[in-house]
């Protein structure tokens, strides 16, 4: 429940024809394996917490704190009811930044790997280098998860996936954050072993 469905697909089933078969059980919930969700209010609270965390990274919480309670509700209702226009009318404000800043303060991202026990990697990372150059996806991976990148003369061992696609490592991180973030405003990046077929 706390991972976006697209992220789960990238991590667990991106090489499959169909993602997975779902079996619904109405008793004997596997409490040891899954988080139990007591109500939809818990999901809304988790979603808003993620939105606030992303805004703290991008804008020092200034945008979300200036919103009214009805704006927060509109974000949630737009997402819940699959109403993109309703959601985007508010989320657009969270994706903007002053032109003189060339990007967000920090990029809200999480890197997930199927080969480690760690749930995800999340660190502070600026979209623009000290010299004014835009950081790329490759720059992020080199600093945060160097094992994900193949050496120049080596064999590619991993795929880097976002929303079911493998973006080029030269793609500016700011652009990825603006255009490929999930509704919670985080850039969820999956690193999976390179398919052998």
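Yeah, the Cβs are placed from backbone N, Cα and C, and that goes for glycine too.
Residues or ranges marked as domain 'Autophagy protein ATG5 UblA' by TrEMBL: 1-26.
Taken from TrEMBL, the feature domain 'Autophagy protein ATG5 alpha-helical bundle region' applies to 41-96.
Here the domain 'Autophagy protein ATG5 UblB' (106-191) has a mean pLDDT of 92 out of 100. Summarising the annotation, TrEMBL assigns domain 'Autophagy protein ATG5 UblB' to 106-191.
Per TrEMBL, the feature signal peptide maps to 1-17.
Across the domain 'Autophagy protein ATG5 UblB' (106-191), the DSSP tally of helix, strand and coil residues reads 19 helix, 21 strand, 46 coil.
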